[in-house]
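J.: Pasting a structure here, questions to come.
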Amino acid sequence: MSSPRPSFLCPSSMLLLLLLVCSVFLVSAGNFYQDFDITWGDGRGKILNGGQMLTLSLDKASGSGFKSNKEYLYGKIDMQLKLVPGNSAGTVTAYYLSSQGPTWDEIDFEFLGNVSGQPYTLHTNVFTQGKGNREQQFHLWFDPTKDFHTYSILWNAKHIIFFVDGITIRVFRNMEGIGIPFPKNQPMRIYSSLWNADDWATQGGRVKTDWNNAPFVASYRNFNANACVWSSRGSSSCGSKSLESVSDNNSWMNYEPDSNNRKWLRWVRKNYMVYDYCADASRFPQGFPTECKRL
């Protein structure tokens with residue numbers, strides 16, 4: 001799929017609607033001391049402001065990362081990120097849900113850095129039972145290094161939906177009926193990391209990390225999880241509630257994309273999608289994956 005002209009500006013006909021949507025998309029703040037554990041980086045990950053902010057840094061010696069203390073089986077996860085500014089070529093800021101084991105499930109946001117003045121690439125993927133290769137990539141309609149923006153994953157029994165500032169950018173539907181596995185049995189933790197991937201991240205690895213710009217820093221705030229927490233006893237905090245009987249506070253459980261979501265999805269795909277595995281005929285000479293017929 002050909003790339004649209006890189007731009008951080010919305011088409012003028014959509015700008016007012018976009019501002020209205022962003023203005024009402026608010027999240028409540030969690031506490032990083034309580035909710036997360038910095039798992040690697042030898043001090044390069046830091047929790048600040050009494051637990052209201054977390055930063056990860058990368059230098060030539062190491063990157064850094066964290067994971068959630070809780071596991072979730074379905075939910076809506078929000079996080080505000082401000083990405084590495086300036087020349088971020090070669091760096092990857094990953095923010096994702098994942099289970100463990102050889103047949104893991106995973107739902108990915110990955111932000112691929114670029115040289116100064118060129119847009120980040122937002123890389124998304126969905127793994128089911130250890131199989132991924134479902135990449136969709138986007139440029140953004142704003143500069144994600146200038147301010148915090150909200151990146152959300154909604155995961156229920158019917159859909160996985162990716163949002164940016166409340167705008168739907170991708171929908172992966174439950175297609176078990178045609179033999180496509182869907183994440184539904186394995187609880188997942190939230191993970192994030194900032195690391196060097198200059199062998200592939202920027203222009204296919206042609207542009208390398210410039211360590212003169214280190215340390216590279218990404219910032220996080222306003223984490224919110226409206227989700228079913230999985231206990232060590234193997235049970236969910238949502239109990240045996242059916243999808244039809246949950247309260248309004250758990251409306252994500254019944255969430256279905258409506259006409260407004262589909263309108264924004266079409267807008268994003270038309271103006272900002274730069275890669276879709278379901279449009280890459282050279283990659284699948286024997287025919288596209290089965291789910292591509294239903295997306």
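Glycine is treated like the rest: Cβ placed from N, Cα and C.
Here TrEMBL flags Glu106 as active site, nucleophile. For Glu110, the entry in TrEMBL reads active site, proton donor. For 26-220, the entry in TrEMBL reads domain 'GH16'. The annotation N-linked glycosylation site is assigned in TrEMBL to Asn114. As annotated by TrEMBL, signal peptide applies to 1-29.
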J.: Excluding near sequence neighbours, so keeping only residues 6 or more apart in the same chain, what lies with its CB under 8 A of the residue listed as 'N-linked glycosylation site'?
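T.: Ser88, Ala89, Tyr120, Thr121, Thr202, Val207 - these are the non-local Cβ neighbours of the residue listed as 'N-linked glycosylation site', listed in sequence order.
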J.: Across all the protein chains here, work out how many other Cβ atoms are within 10 Å of the Cβ of Glu106 (active site, nucleophile).
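T.: Other Cβ atoms found within 10 Å: 18.
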J.: Let me know how many other Cβ atoms fall within 10 Å of the Cβ of Glu110 (active site, proton donor).
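T.: Total other Cβ atoms inside 10 Å, all chains included: 19.
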